[in-house]
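One structure below.
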């Protein structure tokens, strides 16, 4: 079965291993032909591989509650088997199996789970906020053999998984594990229609882990800009918003970085989490956020920070620090009555839309892991190519 890709990934953890649709079909033919394996044997092996991979990556002490979303085909069968093994590994699995396959093989898998009192949750009864109920979500909806556009309720379930990439509160997001490929991706061309799970899911997972680990300012990032003459400049800024489409920060529109971006909208971000031996590079194009968005964020800041943004004519030459201190003192007195502090026109946000991610995981052997996700257009739609780079 195509799900043997999961088996290959467990068998060779030092590499990113993948099978094309043709590769998977040829392996299936060999296994179920000359080698004499049955469908249920292959499904058992694939589901066990998925469960073993989850147990290897996600510690039981930190990730107990697992939701397995199963599709109607073999991929869903792999998910049912994985649920049983995860239960025996000590996890607390729940299963969402909206379109059950009326075949003895699948009915038997359901019976096995029911005998273990593993709960089955209808799609319409899933909690509104999956983050609060589950630590891991296993996407076992569609695999290598799927063609076409996902239909109800799977289209909505995929969108719900995508929505988990949005951060903005303190709730830790569940890890998403896909069997075969992320549901919604084309089996050969990737995320052609933009409707599947995106590579920034990995960024959000790493970011959440950095926050959970208690790292100091995990949202600190190096921003590199280049002016029209090709001269680069870098500085540290704080990430203030990230979702499945963009990274947002705020600054003075009169600063050097702002001048660079007005001449050349291409920029790069660099996150480095030393304690976790991880680094993420992001490249993309930059534009200003809408004025109302900047206004809203400005007034969410502490009043002292609002005053500081007005006082600082960023990147301009000043006679001394006392100039800033005097201006700040005057403004502090002016607004001491608690009245609204107006946002200056020269202050606001920028949004970078990524076209490239590079994830770096350091290894003691110095044979570091580097995965690059690069964006390209296919027939008017955006897709992501994934490549492993030499360290």
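Positions of Cβ are set from backbone N, Cα and C atoms, glycine also.
Unlike curated records, TrEMBL annotations are generated automatically.
Pulled from TrEMBL, these are the features on record:
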- 24-223: domain 'YjeF N-terminal' (DOMAIN)
- 74, 75, 76, 77, 78, 143, 144, 145, 146, 147, 148, 149, 180: (6S)-NADPHX binding site (BINDING)
- 75, 139, 183: K(+) binding site (BINDING)
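In three-state terms derived from DSSP, residue 76 ((6S)-NADPHX binding site) belongs to a helical segment. Other Cβ atoms within 10 Å of the Cβ of residue 180 ((6S)-NADPHX binding site), summed over all protein chains shown, number 30. In the three-state DSSP classification, residue 180 ((6S)-NADPHX binding site) falls within coil. Summary of the K(+) site environment: with the site residues 75, 139, 183 set aside, the chain residues having Cβ atoms within 8 Å of the Cβ mean position are 69, 71, 79, 140, 141, 142, 143, 178, 179, 180, 181, 182.
Put simply, residue 139 (K(+) binding site) is 10 Å from residue 78 ((6S)-NADPHX binding site) when counted between their Cα atoms.
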